[in-house]
Amino acid sequence: MADFQENENNYSASNIQVLEGLEAVRKRPAMYIGDISEKGLHHLINETVDNSIDEAMAGYCKNIEVTLNEDGSVTVEDDGRGIPVDEHKKLHKSALEVVMTVLHAGGKFDKGSYKVSGGLHGVGVSCVNALSAHMKSQVFRDGNIYQQEYEKGKPLYPVKIIGTTEKTGTRQQFWPDNSIFTTTTFQWDIVARRMRELAYLNAGIKIILTDMHPHPETGKTRTETFHAEDGLKEFVRYVDRHRQHLFNDVIYLKTEKQGIPIEIAIMYNTDYTENIHSYVNNINTIEGGTHLTGFRTALTRTLKAYADGEPTISKQIEKAKIEIAGEDFREGLTAVISIKVAEPQFEGQTKTKLGNSEVSGAVQQAVGEALSNYLEEHPNEAKLICNKVILAATARIAARNARESVQRKNVMSGGGLPGKLADCSKKDPKDCEIFLVEGDSAGGSAKQGRDRYTQAILPLRGKILNVEKVQRHRVFEAESVMNIIQSIGVRFGVEGEDDYEANTDKLRYDKIIIMTDADVDGSHIDTLIMTLFYRFMPKVIEEGHLYIATPPLYKCTYKKISEYCYTEQQRQMFIDKYGDGTEDGKNIHTQRYKGLGEMNPEQLWETTMDPKTRLLKQVNIENAAEADEIFSMLMGDDVEPRREFIEQNATYANIDA
Ligand code: 0RA
């Protein structure tokens, strides 16, 4: 029987605590689920599914059904043991009610499983309940169907038996509260993406996702089953599906070291970037941490030791006169790492960096053993990897020499600011900002409209390189990239640091603002520039210097009243306020801005550049990682998924204001 660790509270006292707990969640929902936008909304599904995944990881559940119902509710049903329903002696209520109404009560049942403390996940299904206008729990256990319903987290009646059944499991249905969330519409793509990820991360589990909303044209509902018998082996193939591979094998290990379950899958491709996706307790650790450090160390050491021990390869390295660095071993590497940690410590800006120091050694040991075995047993593949590493090192060293000569020339020509930069006159970086502006014509307006004292303008022209598809050093050969680097004052190859990690000590501006058209192309350019910073200058993002400007979509005018509208919603609000009641407010004049170039300098200042009135979106590591992932997904040889994506994501839905 479940052991409730309650203190001596009597029933009524504990009930008051419950209500206070629910009230706290409803008062400050963002503290529990991140935010109250689309992202927070989808968190309700993740939180509910996580409980079923826990039951599956404990070995008691195989199937999870997630249904987006036509009435806007979501149902999550599993075939586990069912949440216990027996009555707690002191609280005089069912265990189910405790799980559903007491904050963090869920975790008390199953000690020893891999739960996540703090951070975004692991707040418990009681939070979902608190943030739902209505919720219905059903438990299939001991031949009975137990049920309880709630409103805004408060039980409507004690747990009751409503029928009999042969099956076991738990069924949760919730109707998100529209007085809490800015939207209560679930998106197939967002849900599917997480369900796919969970299926890959937990081999053998079947997750069936259904959207009951009929398709507007075909009238059909949609179902997809996510299921990977081979877990991460299949995940890494999926992630890398658009790339060409050095060889077809997945290098794979699944083991346990020092009590830490570790699963890793690796592929080598012919591209030039490193793509490592790491997870702790099913959470994507985008900021990395000790597990990633352990992985990288083992990779470098093992491959180095192998190369040193192979006469043909070590001779090749000697002849090329190169020194191989860690990053050379990771060029064209795609890996997925998933580990489980009993008491994870999450750190960093977005609480997705693993801090547990004991993990690094465990992962290092596991990867070292598995990889050296693989290399010994697969001499042909080992040779292909080594050749790729030698090429990477050669290119990197050639690039460093070229870069150093450019830097020397810059210093000799005094400062080396690009000719295209219109700098600001103030020198103290903390008060200065730079706009990276798409196109020369918008650049011209920006130069005229700006505050010359504190705002610098750098017009960008020409193609911005896709970081994925070119050797790393080629990125530095692109004029637009060099202009950005020289203008903002980041330095590469600073003594003792990675060749490709920017040093921000001499940054010349506090804010670096990307300013592009509010259309598909503009959004594509934002993504490219974000990716460039993410890959080569992550410190700029981590230190909070990177922003995206938001130009308005419309200027709406009624008689002498004019307003800039940055969203469709704002335009609708203007029409509602001043319109004469005709369909689209015929008495209102709407000017649509297609590009920055259509605004004169004063308008550009007023709408997009004036610090007093503009709307800036700060880029954080999470947004940037998303942009990067979009890119590695998009830039395969398939053109179609890419176009489709760009069309669907013409707005910056994922960037917080
Ligand atoms: C703890 C103990 C037991 C079941 C669960 C948790 C459980 C929780 C959830 C949440 C969603 N689905 C779930 N399935 C199971 C059962 C303990 C026992 O039967 O002895």
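Quick reminder: no glycine exception, Cβ is built from N, Cα and C everywhere.
Among the features that TrEMBL reports, Mg(2+) 1 binding site is placed at Glu438, Asp517. For Asp517, Asp519, the entry in TrEMBL reads Mg(2+) 2 binding site. According to TrEMBL, the feature domain 'Toprim' maps to 432-552. Residues or ranges marked as site 'Interaction with DNA' by TrEMBL: Lys463, Asn466.
Recorded features from TrEMBL, shown on the structure.
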residue	record	DSSP (3 states)
Glu438	Mg(2+) 1 binding site	strand
Asn466	site 'Interaction with DNA'	coil
Asp517	Mg(2+) 1 binding site	coil
Alpha-carbon distance [Asp519 (Mg(2+) 2 binding site); Glu438 (Mg(2+) 1 binding site)] in Å: 12
Fewest-neighbour residue among binding-site residues, criterion Cβ within 10 Å, set Glu438, Asp517, Asp519: Asp519
Cα distance (Å, whole number) from Asn466 (site 'Interaction with DNA') to Asp519 (Mg(2+) 2 binding site): 19
Distance, Asp517 (Mg(2+) 1 binding site) to Asn466 (site 'Interaction with DNA') (CA atoms, angstrom): 19
Secondary structure tally of the domain 'Toprim' (432-552) (DSSP, helix then strand then coil): 49 helix, 23 strand, 49 coil
